[in-house]
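Student: Features from TrEMBL:
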- 8-122: domain 'Response regulatory' (DOMAIN)
- ASP56: 4-aspartylphosphate (MOD_RES)
Amino acid sequence: MPAPTLPTVLVVDDELRSQEALRRTLDEEFEVFTASSAAEALEILAREWIQVVLTDQRMPGTSGVALLREVRERWPDAVRIIVSGYTDSEDIIAGINEAGIFQYLLKPWQPEQLLLTLRNAAQLQRLQAENERLGLDLKVAAPVLRQRVAGKREAVRGRQRGGALL
């Protein structure tokens, strides 16, 4: 899938009012996808290129940590954020240890803080993708460069054996 112009964020929240408030806050800077359940979120992730997943922690049927654990396994490049009205330290620790979350935000969130967090998350995802691409480029280039160096060394040795000066 080609990368979209705006960074993409998937908002997962079973409360439609929260979903819409998040969409309104993020719409100008992000392409926003919304889901009301973990199952719907996974369907969207399977068909769209999503850079950031922002999920509520407490939803019927599953938790944000459980969803983000699966996201981490299946789409490890997506940056994962939990937003919750609860400060349960067990949820926070599980989010960090099991789901590798980027941030745990508390409700009610402040628009400026939310936007800054999402901008940073999208930037992190872009930098990680670029780093991976450069690493692959290096893997491809390294054998070619080694071969060139070996050829130059052989040419130098040949000149040295022939008595030529460098």
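Glycine too: its Cβ is placed from the backbone N, Cα and C atoms.
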Student: Given a separation of at least six residues and a C-beta threshold under 8 Å, show me what packs close to the residue listed as '4-aspartylphosphate' in the same chain.
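Tutor: Expected: VAL12, ASP13, ASP14, GLU15, SER18, GLY64, ILE82, VAL83, SER84.
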Student: If you average per-residue pLDDT over the domain 'Response regulatory' (8-122), what number do you get?
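Tutor: Averaged over the domain 'Response regulatory' (8-122), per-residue pLDDT gives 94.
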